[in-house]
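Here is the structure we will look at.
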Amino acid sequence: MIPQKLTLKNFLSYREATLDFSGLHTACICGSNGSGKSSLLEAMAWAIWGESRAESKDDIIYMGELETQVDFIFISQGNLYRVIRNRRRGQSGALEFQVATTVLQEIEDLDQIKFRTLTEKGIAPTQQKIIDYLKLDYDTFTNSAYLRQGKADEFMIKRPAERKEILANLLKLDQYDGLSDKAKDLAKSYKSQAEILEQTLTSNQVQIDQKGQLEQDIIQLQNTINQLQEKQAQDREQYQQLQAQQHHRQSWEKLLTGQQQQHQTFAQDYRRLQQELVTTQQQSQELEAVLKQETEIQTGYTHFQTLQTTEETLSAQFKIYQDSQQQRQQLQEQQRQHLNTLQQQIQGLQARLEALTQQEQDYSQILSQKTDIEAGLEQLKTARNRLTHFDQLQLEVTPILQQRQRLQTELDRAQSRQQARLEELKTSVGKLQRTLNQHRPQLEQQSQSIASQIIELDKKKVYQLRVREKGQERHGFIDRLNTVKRDYEEKLGELDQKIQLLSKSESEAPETEELPLLQSQFPPCPLCDRPLDEHHWNLVISKQQNQQQEFRNEIWVIHEQLVVADRELKILQEEYRQIQEDLLPYEELREQRGKIQAQLESLDQDEQQLQQLILEEKAVQTILETGDYATDLYAELRDLEQKLSQLNYNEQSHALARNEEKRYRWAEIKYSQIRDAQDKLTKINTQKPELETKIQSLTQSLTEEKNNSEIQQKIIILEQKINPMGYNVEEHNRIRTELRQAQIWLTRTEQLNQAKQQYPILQKRLQELETITQERVKNLQAIQGQIELLQEQLKETPDPTESLKQLEQLIQQQRLKLDHYLGQFGSLQQQQTQLDNLNAQQIEIKTQLDTTRRQYRVYDELAKAFGKNGIQALMIENVLPQLEAETNQILSRLSSNQLHVQFVTQRTSGRGSKSSKNAPKMIETLEILIADARGTRSYETYSGGEAFRINFAIRLALAKLLAQRAGTSLQMLIIDEGFGTQDAEGCDRLIAAINAIASDFACILTVTHIPSLKEAFQARIEVHKTSQGSQIYLSI
């Protein structure tokens, strides 16, 4: 990574700053302590990886500002990249990753370059993409290219054991610890499975050993079943014979029952025929009796016809008599109605005449009171004048009284409104208090519960992000392993070709049985064309085979690492999925929290409203107690009371005047009656003669109607017609009675006619019944003979029902026993089959046990191989020579070949084991032996300048090693400490060392606060802290 341009805005001590690295190779970043030198370097790391030394993420933002941004342009692996990272206080921020669209060699001005975005959706995916492109993470950067303050001697001051652990962490070998733990777990699991399989084998073998006894039991049970089946067949044959016998007997019984039923049917038919014969004989005798009375019946029928003719004649006379009587009654009714009408008119006129006479007497009596009535009229006039005066006062008082009533009503209403408002306030206060007491504790508890759940889910989201990053790291690790595996496979293929060439050369070389081959007789090496003798040829082939085996071992280790990494990736994916399911209710919980917060805010508003209502309630209560309401109405009411007092109107005096007027009002009524009586008397004197004349005329008409009217003449004519007719009602009734009595002869005549018709038919039916009865007697005798024959056969054949029942029970019992034995036989056969299957399973279990044991050994070896003393120790052993050589090369430049370091990974414990006293135990360690001109001595005995040079050399060598292992080259070096501990000569040597290694790096940045060292660097980046923040000044 080679920096090109850095732009800062509100980052740490910088408000706005831009630094162009173009043309800088070795530069010094100088300035006083606290001016912001290290912050400039922190900005590059924060822009790319989002990491800094700040404890809080918001601490990187300039004091008082809300947002910070870093824009960093750099070159990596031949491409120009740009990273822009910003963050707002209290928020997550944003990240952009871009690549230049212009070829690097054609770039002249950075401001004119166009970039193409590589940004992913989200900060984490974009961050991972940056790491993938750079092939460098933050830890590798800080442990390689960036020598930070206070970290140079971290490696040296640790104890040897801790030093080795730090080196393992720097090399990221701790991942093998996880693989070792997983291999141990798998080995333990396979060991448990092997123990279970061994127990299963033992248990199964115990069951298999019982197979001989089981086969004997099956043979014995088979014999028992055969015997029972034979006995069952004999019993079934006997049972079938008895069933046949029972079937014959049941057939006879059924036939007997049928004959008995037929005998019963014929007997019933015989009895019915006998009954019908008797009935027919009786009917024949009755018909003979009727035929013997034929003469008597004919005489009676003739008398009946005579009476019927006489009755018809009398009925015709009765009709004429009845019509005349009805006409006379109608005329008499009309005459009576006319007479009643005249009588009613006479009575009405007489009543009117009597009423007029009574009225004449009453009116005369009224006229006799005329003097008293006129005096009463004078009193009535005086009383009405007084009442008029009071009515006038009332007209003036009434509006005032109505106004007073209206004011009183309004006052009552105002008081009622205050009372109602007070009750309303009390109700609202109680309701709000109940609502607050009921809902607030519950909502607060729910809010706390949901907040706790959200906090837990937030933690899970953070953990999910870490799981995702870990999964991405595993993906990268798998890709790197596959790359390394392909490299080893290619190298292995090359070695195979070399070995084949060597083997081919050996086969083509001349052989003799008596003399060994001379050097000239061996073909030249196919790899380098150098001549080989037997010894060197064996060395070459051995070396190639050893290297081949090493490559195969490496490939096998990588394969196992891929298996473990793939398993870890699946575990991480499952864990990620589980966490994703756990996070499903996250949004719902946040929504619930928002709703509850809204409800709590609503309750807060209700509580404020409650306080206002309580204050208003107290104010209304005070107003009601003091009467301090509707003051204008009270004033107006007092004015009205004063006006009423001035008018001096008394309702009682008004009522007395009204009663006085009512008391003399009779005089006015009586006076009108006097005038009316005078008029009425005049009319009565005129009407009385007229009524007397009308009464006399109607009385004369009534006498004339009774004696000489037209209706009376018609009545006399009808009476003259009825009397000579000679009709006698009693004679008519007697004839009717005799006719009813003679009706019997009509019935007897009909019976006689029917007897003449039915008598021959009955005689024929009698003959038929006698013939059928004789046939039925013969049938009954024949059926009785068959019944007796069947009864005799049933007596000779015994009933086998009981024997069948007993035999059936025996067969059933034997069937149950046979089923029981068959069930046992099937169970034994199943056990035999299971044992056969168990034999097959034993083979599979043994195979599985061998596989499990092999897996156990594999993972047990992997656990040891991935452990501290396995691959990790081997990799450290492989790395340390390179680290030692690189360190001594750098240290020789810094100390003029005066200092030399040596890394020791093992040492003896100082005492042997109990079993072998001469074989001391080896301890894994990482000691650093430092030698100078005076010999080898401890690190602590060297001066500060010497210690720094040692630290610098080791750190720089380690940086190159880490960059190389990360798959990238170390193009930039940042030194943020060291010069303060060096003397003048040490500083010169350190600067000389930096210049000596400058060719290995594209950019070296050195940070110092010593002013005298600025001149040692041609390019200087001076940092000054001002009131406007740190400022950058570039000098080249």
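Each Cβ is built from the backbone N, Cα and C atoms, and glycine gets one as well.
Here is what TrEMBL says about this protein:
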DOMAIN    5-231  domain 'Rad50/SbcC-type AAA'
COILED    180-245  coiled coil
COILED    321-366  coiled coil
COILED    478-505  coiled coil
COILED    562-650  coiled coil
COILED    674-708  coiled coil
COILED    804-855  coiled coil
Requested in this report: Could you name the stretch, out of 180-245, 478-505, 562-650, 674-708, 804-855, with the greatest number of CB pairs under 8 A to the coiled coil (321-366)?
Outcome: 674-708
Query raised in the report: Taking residues 6+ outside the coiled coil (674-708), which of them lie with a CB under 8 Å of any CB in it?
Result: 335, 338-339, 342-343, 345-346, 349-350, 352-353, 356-357, 359-360, 362-364, 366-367, 369-370, 373
Query raised in the report: What mean pLDDT score does the coiled coil (562-650) have in the model?
Result: 82
**Report entry** Proximity verdict for the coiled coil (562-650) and the coiled coil (478-505), three or more C-beta pairs under 8 Å
**Finding:** yes
